[in-house]
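Feature annotations, courtesy of TrEMBL:
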- 1-20: region 'Disordered' (REGION)
- 1-15: compositional bias 'Polar residues' (COMPBIAS)
- 38-77: region 'Disordered' (REGION)
- 114-273: domain 'Yip1' (DOMAIN)
- 129-151: transmembrane segment (TRANSMEM)
- 171-188: transmembrane segment (TRANSMEM)
- 200-221: transmembrane segment (TRANSMEM)
- 227-245: transmembrane segment (TRANSMEM)
- 257-278: transmembrane segment (TRANSMEM)
C-alpha cells in the first residue's frame with residue numbers, strides 16, 4: 001500500500017519480522033522526577049552538596065593524618081622537665097615590645113632609683129639581655145680593633161687583627177650574665193631569700209647596657225679618660241644591681257650586707273677587667 005511516497009505495512013506477516021508481544025503481563029516502570037531544571041538537584045548525595053557522608057567503600061587514606069592522629073592538637077605535649085627543652089617554655093620571656101625594652105634601658109641608666117625589679121617582677125624578659133650582650137660583643141671587638149689600628153698607624157708600626165677579641169668578648173659577656181645570676185640564685189636560696197632566676201638574668205643583662213656607650217667613648221686617646229669612663233660605668237652598673245637587689249636580700253638576715261657588698265664588688269671587678277683588656281691600647 002502506497003501513500004505519499006511511503007509504504008505502510010499492515011498487520012500482516014512479513015518474512016523475517018518479529019511478532020509483536022502481547023500486552024499480558026506488562027510491567028510499568030515509573031521514574032521519579034530528577035529535577036533537572038536545578039543544579040545540583042536537591043536530592044544529590046555526596047561531598048559536593050555536603051548533605052551526607054561518602055559511600056562506605058570510599059578510600060580515605062589521603063584525608064586521614066599519618067600515624068592515626070586526627071589533628072595536630074591530639075599530639076602529646078611535653079610535660080615535666082622535658083618542657084624546659086621546648087621553644088614554648090621560653091617564648092613568654094621574649095614577649096616584649098620596643099616600648100618595654102626602651103623603658104628598661106632608660107631605667108638602667110638611673111641606678112639610684114632601685115625600682116627595676118618592681119617594674120619587671122611580673123614580666124621579666126630575656127630579649128633585652130640577649131641583644132645587649134650581642135651588641136657588646138660587636139662593639140667591643142670593633143672598637144678595640146679600631147683603637148689598636150689607629151694607635152699602630154700613628155706610630156708607624158705593623159698592625160695585625162686580633163680575632164681573640166671576638167671570642168674573648170663573647171665568653172666574658174655571655175658567661176657573666178649566665179654564671180653570676182645562677183650562683184646568686186643558689187646563694188639566695190640558701191639564705192631563704194629566693195629570687196626568680198629569669199628575673200636575675202634580666203637584671204644582670206640590663207646592667208651591662210651602660211658599657212655600650214662607655215666602650216664607644218673609649219676611642220679617646222687619653223688613658224686617664226679611659227680610666228674615668230670605665231670607673232663611672234662600673235660604678236653605675238654595680239649600683240644598679242646592688243640597689244635593686246637590696247630590698248629583696250634584706251630578708252636574708254644579718255648577712256644581707258655581705259651579699260650586697262659582694263654583688264657590688266663583683267660588678268666593679270667586671271669593669272676593671274673590661275678596662276684592662278678592652279679599654280687599654282697595647283702597641
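Even glycines carry a Cβ here, placed using N, Cα and C.
Packing against the transmembrane segment (171-188) from elsewhere in the chain are residues 129, 133, 136-137, 140, 194-195, 197, 200-201, 203-205, 208, 248-249, 252, 259, 263, 266, 270, 273-274: each is 6 or more residues past its ends and has a CB under 8 Å from a CB in it.
Across 129-151, 227-245, 257-278, the stretch most heavily in contact with the transmembrane segment (200-221), judged by Cβ pairs under 8 Å, is 129-151.
In the predicted structure, the domain 'Yip1' (114-273) carries a mean pLDDT of 87.
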